[in-house]
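Heads up, the thing below is written out as structure tokens.
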Amino acid sequence: MSGGARLENANPLIFQRTGERLQTANDEDEDVADPIDDREIFDILSVSINDPEHPLSLEELNVVEQVRVRVNDQENTVGVEFTPTIPHCSMATLIGLSIKVKLLRSLPERFKIDVHITPGTHASEDAVNKQLADKERVAAALENSQLLEVVNQCLISNARTG
Amino acid sequence: MKDTLALLQKFNAHPDSRCWYVAWNPKGTLLASCGGDRAIRIWGREGDSWECKTVLQDGHQRAVRKVAWSPCGNYLASASFDATTCIWKKKNDDFECLTVLEGHENEVKCVAWAPSGNLLATCSRDKSVWIWEVDEEDEYECVSVVNSHTQDVKHVVWHPTQELLASCSYDNNVCVYKEEDDDWECRATLEGHTSTVWGLTFDPSGQRLASCSDDRTVKIWKECQPGGGQGTDTAWKCVCTLSGFHGRTVYDIAWCPLTGALATACGDDGVRVFKEDETADPDQPVFSLSAHVPKAHSQDVNCIAWNPKEAGLLVSCSDNGEIAVWNYQSEV
């Protein structure tokens, strides 16, 4: 995606991927309803969103961590905190938008989705958070076909997990 | 008898997309709705149900954010993310596009007609508010561009009787404008909200303004006279804040011109109606929650509007594309 331009973060730290999720007896029982939990949201995000600059997933760059995903299935809320790799990352809004779009497309309509920058990890976090929280701005941005194409390129559709 | 808010009807207005706004015509007989599907729909009552009379599909290239009826009821204006405002003229059950107002640099967020019918205001993410004049030949001309906000302007509303305009913004402020020497100027900036202000509504007399915000509060503002003559800035004070009632962003607020009840549309899927305490000091008004439907819709409620002729008739619309019609009854 960089196409010859200088990368903002040329040498990212790479983290180890989490292992496969262990199946419990309840998971295999067809009659027990599967509430949506933190791990499921994390799985949705970690394998399917690429960093705009590198062919690495957000999980591998530790931008998204399971501990920073908060789901309340009963109250229909999902909160995701993501950590840009560097504090002046200008891709922060794009990464946040990609996370938001991925969740909007993957989750039932009943969910309220909040995406924030992990506090203290970005110079303009208040400004970025405010944009991501404004659904009118997000809706208008996604009508822009160029921006939508960039977001879609960050979201790969092939399954990389079992 | 307790105050009640009862659902009369619910219907899908904009298939597979969100319904952004809904507006009653001045007679209270028609509803105009608009949405993410780029369409405007006109609804009329047939007995107990609402039927779609007209679909205006090709007016805009992007989502239509708001619609507004002219005071005479013969024109409809639509504001779109495609940066234009369309003026439609009603011809029986159909509408034809009369003219397209261009000029804003990006998404138009709101359009509103002044009570006189000769002026129109629009606002945009380009941070500006435009005032347009319309003459007897249906010609529109921009007469003022005001840049008082520092961010995206979300909503504009006219005073019910005076030529006075208010706007609210992503910059957390409300601005009040008056005309001075053929030019429109910001006369007051109302600060107090701690996040984006999404909606504004005047009370029936026009003496007070209510605002609603992403900070989950509603604020009531009153103009106070500092004692100056003409040409001085006015001062508006926040005389009441309603907090702790809304679980998420409050997207819209509407003051009933017939009963004085205050209704809100919230991102927690709820519709609420507040009633004013008659015995309180007018400079320190007290509002209490009169009725609340927690799951009015299955998703965010974007708009709320009181019927201008039928007391207690209320309409709301949602991200799930639905419109709901309510009957509000209050013990006297």
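Just so it is clear, glycine is given a Cβ too, placed from its N, Cα and C backbone atoms.
Note that TrEMBL annotation is computational and uncurated.
Feature annotations, reproduced from TrEMBL:
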- B:22-43: repeat 'WD' (REPEAT)
- B:57-89: repeat 'WD' (REPEAT)
- B:101-142: repeat 'WD' (REPEAT)
- B:146-178: repeat 'WD' (REPEAT)
- B:190-222: repeat 'WD' (REPEAT)
- B:294-332: repeat 'WD' (REPEAT)
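Summarised as a single figure, the pLDDT of the repeat 'WD' (B:22-43) averages 97.
The list of residues near the repeat 'WD' (B:57-89) in space but at least 6 beyond its ends in sequence, with Cβ under 8 angstroms from a Cβ of it, reads 20-21, 23-27, 32-40, 95-102, 104-117, 120, 122, 124, 138, 140.
If you look at the repeat 'WD' (B:294-332), the same-chain residues 6 or more away from its ends with a CB under 8 A from one of its CBs are 1-24, 26-28, 31, 33, 35, 43, 50, 248-249, 251-259, 261, 263-271, 273, 275. For the repeat 'WD' (B:22-43), residue counts in helix, strand and coil come to 0 helix, 13 strand, 9 coil, using DSSP.
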